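Pulled from TrEMBL, these are the features on record:
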BINDING   9, 10, 11, 17, 18, 145, 146, 147, 185, 194, 195, 196, 197, 198  ATP binding site
BINDING   133  L-tryptophan binding site
MOTIF     194-198  motif ''KMSKS' region'
Ligand code: ATP
Ligand code: MG
């Protein structure tokens, strides 16, 4: 059975893109993989988080993952900072990765924008920590959204250079599992920007704990053009906002985008948005309700994460200890 590792930052409440790009895939991969799911709190602090918010978001995120169908008794769910192997391997990788490689990372450029001098060095070396997250478990498959593809290619470069520098075939190559539908859900306010849980505008995203009214309002206010839905996908090419709504609909209704157009062509955005709202509410609202129930028992959530961390530690410790030995650290 292949081992999967995947993570999500407790930098906010998970949004629809996280669900379609990652979480939904995680749930189905549980059937035939050994899965390790991580709330990557160390990644979250690469941009400042209010401590109490970070704590709250970590717990809420654990509840959301369980509510979405992650099975923490058969698989592993924990928070990253509880297993020190991540930080230790990340330091080694900081010394393996070349600056030129990091300079090519588009996500750093997107997140730092023009003000790059004022961002943390953690944000810059984030992909090294991400490589360590995966390789500390020698995981071979990583289900992620399309935005993480470049970071996974870097993880493979790091693994290869480590193996080359220390003359051993130690770390495996990893394979990105990117969904075919809605691999990059776009912001509801700007069809050229990806939906993000850390975007300052809550109107730009649907959060997995939004209730039916909040979902309806956000979809009603979503940016669109003044046209109607066309008959073919080609006609959506330069209409990013319309294309995004169609692809969300398709992914949640398990249809192709063309099938959605076949059903709704000629319709204006008023009726289409109402139909989309129904589809989103049906998929998301049960997760919100179950999350609220799970958050009622904080002790149980904390125990679930603690147990997950112990099991994660048991896998990562021997691997990272061996990597440290290969580097020449006294053990
Ligand atoms: P942040 O803004 O803090 O970076 P985020 O919304 O990008 O938050 P992450 O925790 O960075 O979320 O990513 C968790 C997972 O969700 C990753 O696998 C990522 O590829 C996926 N993901 C994030 N945003 C989207 C999106 N808009 N569409 C599809 N997948 C996404
Ligand atoms: Mg992100």
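Backbone N, Cα and C define each Cβ position, glycine as well.
Because the structure is a prediction, the values reported are computed rather than measured.
This view paints the features noted in TrEMBL onto the structure.
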{"residue": "9", "record": "ATP binding site", "Cβ contacts under 8 Å, 6 or more apart": "39, 40, 41, 43, 44, 197, 198"}
{"residue": "11", "record": "ATP binding site", "Cβ contacts under 8 Å, 6 or more apart": "43, 44, 47, 49, 57, 197, 198"}
{"residue": "18", "record": "ATP binding site", "Cβ contacts under 8 Å, 6 or more apart": "8, 145, 197, 208"}
{"residue": "133", "record": "L-tryptophan binding site", "Cβ contacts under 8 Å, 6 or more apart": "5, 7, 38, 40, 80, 86"}
{"residue": "146", "record": "ATP binding site", "Cβ contacts under 8 Å, 6 or more apart": "21, 178, 183, 184"}
{"residue": "185", "record": "ATP binding site", "Cβ contacts under 8 Å, 6 or more apart": "15, 16, 17, 20, 21, 145, 194, 195, 244, 247, 248"}
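Across the residues of the motif ''KMSKS' region' (194-198), the predicted structure has a mean pLDDT of 96. Within the same chain, residues 9, 11-18, 47, 147, 184-188, 204-207 sit at least 6 positions outside the motif ''KMSKS' region' (194-198) and bring their C-beta atoms closer than 8 Å to a C-beta of that stretch. For the ATP site, whose annotated binding residues are 9, 10, 11, 17, 18, 145, 146, 147, 185, 194, 195, 196, 197, 198, the maximal Cα to Cα separation is 19 Å.
Mapped onto three states, the DSSP output places residue 11 (ATP binding site) in coil. Comparing the binding-site residues 195, 197 on other C-beta atoms within 10 angstroms of each C-beta gives the minimum for 197. Closeness to ligand 1 is met by 11, 18, these being the binding-site residues among 11, 18, 133 whose Cβ falls under 6 Å from the molecule. In the three-state DSSP scheme, residue 146 (ATP binding site) falls into the helix class.
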